[in-house]
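Below you'll find the structure, written out as structure tokens, and then a few comments.
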Amino acid sequence: MASDAAAEPSSGVTHPPRYVIGYALAPKKQQSFIQPSLVAQAASRGMDLVPVDASQPLAEQGPFHLLIHKLYGDDWRAQLVAFAARHPAVPIVDPPHAIDRLHNRISMLQVVSELDHAADQDSTFGIPSQVVVYDAAALADFGLLAALRFPLIAKPLVADGTAKSHKMSLVYHREGLGKLRPPLVLQEFVNHGGVIFKVYVVGGHVTCVKRRSLPDVSPEDDASAQGSVSFSQVSNLPTERTAEEYYGEKSLEDAVVPPAAFINQIAGGLRRALGLQLFNFDMIRDVRAGDRYLVIDINYFPGYAKMPGYETVLTDFFWEMVHKDGVGNQQEEKGANHVVVK
């Protein structure tokens, strides 16, 4: 349970308790996440969002009733340990050791393979075939890549949120491997109709939104393409076809969202396995098997401001965290988890 609310004033007048939500975020993250609309909605529920002063020891700040963060480094980890020792009743979202698993693109997706599949679901899920490459010499190892089919997506092994970790390449042929800089992950590119499903998880709440993604690669594209093409996001790959030409063929609105129970199954399984409250995952539908879905990425504390109605969802989450041990436990037991599709 979070620490007690501030004491009532000595005048004897009863005021509703207020709770302090401390946030430790990088400037860019703070600018995108701490919107006036979120601050106002939290305040209307008796919760004040207060920034952590990174220049001062964390353990000496507060009092906080909940701490959310997305900072990294040994010093910050040590500060969290000191804070937890001094304020053991204050929830910290999320534990650094749990976040660490998402910094490696192999361990990140390995957890998906470990999830149980519900017997009553027609749809199935998994991850694309992939291998990790630690050095340039391995790129010439035909045996290592024998199990993969081109084209491939090359992603940096480390996923720490930096610009470098977002730099990816679509590799059409083996010749394109020479431009890559290990360590990296080579993942089979799977045609998915140019649509990606972004699933946001906030405690027990799940929201799925549709976004445009990489265009499918046809045999003609594959034969005429250069060795590799670099890009930073799955939604901005350069292509000779204009957006109107490609997306005129396949409408985002026509894409069918996976069943809510299916999405909730994966989201809940990941939440329990990862031990995280704030994350999202990207999922695609394999066009070769319409009821087969592949999780291709998992991100900690994503850009929630892009999620419809994020202010209400996050405010509810904060409220639950300061009022009971472990947000979402009661929800899952009562089957109150739900998926909002946008």
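Placement of Cβ uses the backbone N, Cα and C atoms for every residue, glycine included.
When Swiss-Prot records LYS155, HIS166, GLN187, VAL190, SER213, ILE296, ASP297, ASN299 as binding ATP, the matching candidate from ARG86, ARG101, ARG105, ARG271 it lists for that site is ARG105. Distance between Cα atoms for ASN299 (Mg(2+) 2 binding site) and ASP282 (Mg(2+) 1 binding site): 9 Å, as a whole number. The candidate set comprises the binding-site residues GLY161, GLY303. Of these, GLY161 has the most other Cβ atoms within 10 Å. Cα of GLY161 (1D-myo-inositol 6-phosphate binding site) to Cα of ASP297 (Mg(2+) 1 binding site): a span of 12 Å. Neighbour density for ASN280 (1D-myo-inositol 6-phosphate binding site): within 10 A of its CB lie 26 other CB atoms from the protein chains shown. On a Cα basis, LYS28 (1D-myo-inositol 6-phosphate binding site) lies 22 Å away from ASP297 (Mg(2+) 1 binding site).
For the binding-site residues listed here (LYS28, LYS198, ASP282, ASP297, ASN299), the lowest count of other CB atoms within 10 A around the CB belongs to LYS28.
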